[in-house]
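Engineer: One structure follows; several queries about it will come next.
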Amino acid sequence: MTRRSVNGEGTGVNNTPQNGGHPGDTPAPKEEPDAPNGKVELRKKVTLLQGISIIIGTIIGAGIFISPKGILKNSGSVGMSLVVWIVCGVLSLFGALSYAELGTSIQKSGGHYTYILEAFGPQMAFIRLWADLIAIRPAGLAVISLAFGQYILEPIFMPCGVPEIAIKLATSIGITSVMYLNSMSTSWTNRIQIFLTFSKLLAIAIIIVPGLYMLFKGETKNFENAFEVSNIKLTGLPLAFYSGIMYELLFYLNFVTEEVENPEKTVPLAICISMAIVTFCYVLTNVAYYTVMSAEELLASQAVAVTFAGKMMGNFSVAVPVFVALSCFGSMNGCLFAFSRMFYVASREGHLPEVLSMIHVRRHTPLAAVLVLYPMTVFQLFVGDIYSLLNFMSFLRWLFIGVAVLGLIYMRYTRPDMPRPFKVPLFIPAIFSFTCFFMVFLSLYSDPVNTGIGFAISLTGIPAYYIFIVFDRRPKWLQDGLGNTLPSLRRHLKAFTRHHCENHTYSWHMDSID
């Protein structure tokens, strides 16, 4: 494997020269003729279509099929819920445009982590990374995977419930297959993501088309008195907006910017197209639901798409859980593809172990960065209380998204000469960052205990930063231990790898271990 340094100027702890590695790096093996200038690096293989599929395929998960009722519950009426969906689409557009500017002006992978690093320095970026690594990303991936495990088995066990152990075993198989796919090939990861994206868009079309057909036939009884004032809950509207924006955060392509072809054009175009498609699908899907189901039926349903299909399609409704499972698998695939690049960049900046920034010499995948989530996700799947952990940490998502967009405004003044191929008016990031901080306040107001616990967990990143990153302040026992252990570990790893290379047809580039 080889370790590559960050492209361009950076602000991290271990920033290295442009396009360079360690002094004395050896070139990639000769059997890799397509490697530019002999370098082993992540290739620019993400096209516009693949970028759109990463965003849409990750954003559209199980929520719109299972439980899109948070907005209806908190808005109080059908009409107001549709208005909230549209307004959430506009707010999401502001966020998408802000991230489009960040992605084109800072053309490095890593998403929020990279933008916070560039704007506010390594310590705040590390705290974000720490929360992601120990809790948010493993728990989030486990929850999506559990939905996959449940719905892929549901047609087999109908009408009985699926045993919990079967769900967890199917979930483990799903996680393992996604890890394997992302480890083996970036091209195949993107191709399968395109297929899964079209699958979930097909599933949404299967809901929208018959629903709109019934609407045009005159089935409008559920829309009567849609804006009745007595039903509208003004106090619940902030929670309704909270539920809506959660469905439409479109920043996943920013995690893989370095692998995007022509990012100056592809990143903003992919983000804006995806935003339009997602908002259009969500609004029309809810219109279809309301056409066939009353508000009371929708709120009472445990899986709205299954109830809808049972009313409209009869026996074909058995296929709906399969589509939901495919949708979840697409979200798992997109999340892992994106977040592995964040860990890869963090390692390159010196915030994570060096091995995570190594790239497979032939497959050109950040193998170690892909696999780092696997043990933590499986552990939380079988041992941890995943949903409680997500409740603890959910507000941090909004906090750091707001901080990243605030960094856009901050860098307009501190780095006015930074190239900005795509530039938005300042009121757009200002409104979106205010919205994010309002969500943090709302979390604190509605659930102060869980929010406080999550905040306390995230603050453990501060001592971790000084212990593991700021070398001069490491305890003497830790310095001595690392000084005695790491050289020996490197020698053994290097010897093992050279022996492995001599006996197999593939090789790993070991210049970063020397």
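Any Cβ shown, glycine's included, is placed from N, Cα and C.
According to TrEMBL, the protein carries these features:
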REGION    1-37  region 'Disordered'
TRANSMEM  46-66  transmembrane segment
TRANSMEM  78-100  transmembrane segment
TRANSMEM  134-153  transmembrane segment
TRANSMEM  165-182  transmembrane segment
TRANSMEM  194-216  transmembrane segment
TRANSMEM  236-255  transmembrane segment
TRANSMEM  267-289  transmembrane segment
TRANSMEM  318-344  transmembrane segment
TRANSMEM  365-383  transmembrane segment
TRANSMEM  395-413  transmembrane segment
TRANSMEM  425-445  transmembrane segment
TRANSMEM  451-471  transmembrane segment
Engineer: By Cβ distance under 8 Å, which residues at least 6 away from the ends of the transmembrane segment (78-100) in the same chain are close to it?
Structural biologist: 71-72, 222-223, 226-227, 232, 237, 240-241, 244-245, 247-251, 254, 267-268, 271-272, 274-275, 278-279, 282-283, 286-287, 290, 295, 401, 405, 408, 422, 424, 428-429, 431-433, 435
Engineer: Among 134-153, 267-289, 365-383, 395-413, 425-445, point out the range having the most Cβ pairs under 8 angstroms from the transmembrane segment (318-344).
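Structural biologist: Counting Cβ pairs under 8 Å, the winner is 134-153.
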Engineer: Going along the chain, which residues at least six beyond the ends of the transmembrane segment (267-289) come within the CB cut-off of under 8 Å?
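Structural biologist: For the transmembrane segment (267-289), the nonlocal Cβ contacts are 48, 51-52, 54-56, 59-60, 64, 68, 81-82, 85-86, 88-89, 92-93, 96-97, 99-101, 103-104, 201, 204, 207-208, 210-212, 215, 247-248, 250-251, 253-254, 257, 260, 298, 304, 308, 422.
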Engineer: Count the Cβ pairs between the transmembrane segment (165-182) and the transmembrane segment (46-66) that lie under 8 angstroms and are 6 or more residues apart in sequence, then report whether there are at least 3.
Structural biologist: no
Engineer: Same chain only, please: residues at least 6 beyond the ends of the transmembrane segment (365-383) with a C-beta under 8 Å from a C-beta of the stretch. Say none if there are none.
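Structural biologist: Here the qualifying positions are 1, 42, 133-134, 137-139, 141-142, 145-146, 168, 171-172, 175-176, 179, 182-186, 336, 339-341, 343-344, 347, 355-359, 389.
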Engineer: For the transmembrane segment (425-445), which partner among 46-66, 395-413, 451-471 gives the most CB pairs under 8 Å?
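Structural biologist: Of the candidates 46-66, 395-413, 451-471, 395-413 scores highest.
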